[in-house]
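First comes the structure, then the notes that go with it.
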């Protein structure tokens with residue numbers, strides 16, 4: 001007890017020296033607090049974005065291989081690039097993997113109904129299976145369900161999860177053949193829960209290689225694999241086969257909608273683009289009407305790995321399941337690097353600054369502690385002459401430095417927590433501007449980043465565009481228990497370091513010699 005009381009009294013007796021030591025320790029602790037808060041928060045943000053971007057798998061066409069394949073199959077010097085597609089059954093098969101945390105499969109198909117009226121419906125497209133005419137360089141060709149008045153959506157519940165849609169009445173589909181409609185569509189057609197609505201849509205199949213415009217006429221009936229199809233021919237002589245299917249859906253629920261009716265203001269008003277005409281059902285309902293070799297239902301599957309390190313294993317597995325070499329399997333590394341790069345720079349700056357301050361502060365603290373012990377040599381000699389052991393004298397000196405450290409720790413935690421946010425914002429803003437400048441320069445040099453955002457092709461993406469992800473420009477700083485523990489640990493080590501200097505000096509002094517030198 002005497003040691004502790006004497007240590008506290010010495011703090012008051014030697015105010016000037018202790019204030020100098022305290023100032024150095026405070027600066028070190030303050031810097032450590034700010035740096036560790038920024039570092040730990042940055043690490044959490046980096047891990048979060050790493051899991052978010054590096055775990056989502058994209059299966060995209062390799063444009064170079066697609067072009068090489070087209071050139072290899074060219075005839076008469078004409079190169080026709082055909083979009084590579086992955087069969088939806090294969091996409092769903094890829095989802096059965098031990099390396100995936102989860103997979104989300106959705107599907108869409110355009111459809112029509114002659115018994116009810118769609119929102120913004122054009123009378124010229126009020127019936128049929130959604131067939132439209134497409135005018136291209138080669139002439140006109142009938143297309144498959146591209147401008148249907150309704151869009152049947154399979155397992156598409158993202159807007160419900162985002163709070164943009166909510167169930168007004170009834171329930172969500174629990175079995176195949178059930179559907180949910182918008183309240184606008186219900187009101188305009190007096191539809192009640194339990195009513196059955198029948199939609200028509202088209203499925204298509206690839207024409208056999210020996211089937212050309214020379215042996216098939218427009219609207220001819222053709223049988224392929226036991227199914228009858230109607231032929232349509234483009235001005236270039238391309239034959240396309242399609243058949244009509246029906247979907248009878250029982251209305252089990254009505255949803256209210258906060259989404260925009262159209263994706264953007266430039267879109268023409270058309271029933272096929274109006275989101276109030278979206279009919280929500282299950283994916284199994286949509287694909288049940290389709291044969292294995294048919295297209296028509298646009299199936300999209302998003303894969304999420306258990307760990308980003310499993311990408312190569314997952315790729316090997318899908319290759320073994322006959323994924324074409326025309327496709328690449330990768331994650332969204334471009335967006336990850338663009339978003340996280342400023343945070344990584346901020347983390348590096350904070351750690352470097354902390355290490356430099358700790359090293360310089362420790363050197364200054366060492367010098368002050370050495371000078372302090374020299375000044376207190378006589379005091380130490382008296383205590384030793386009174387019979388106090390070296391260990392107790394050293395313990396008293398350690399209590400002094402520990403008390404100073406504790407005061408500085410409390411003040412440093414408070415000031416550091418307040419200062420960490422503006423310091424982080426300033427540094428992160430500089431890093432974000434540097435990253436944005438680097439990106440702009442890269443774009444000016446003609447570098448194009450291929451990533452998500454290209455054309456969706458039945459679960460695959462063609463082309464791609466420069467990633468729309470923006471560098472992270474702000475980060476919410478918080479002080480957690482882990483950071484507090486690290487700061488306390490560093491503070492104790494700092495106090496122990498200064499205490500060891502005192503102990504090393506004390507062991508060299510003999511009380512009689514000290515008193516004789518004093519006399």
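Just so it is clear, glycine is given a Cβ too, placed from its N, Cα and C backbone atoms.
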Feature transmembrane segment in TrEMBL, mapped to one of the ranges 20-38, 39-57:
20-38
Range among 313-339, 394-420, 421-447 that TrEMBL annotates as transmembrane segment:
394-420
Which of 351-373, 394-420, 481-503 has the most Cβ pairs closer than 8 Å to the transmembrane segment (20-38)?
394-420
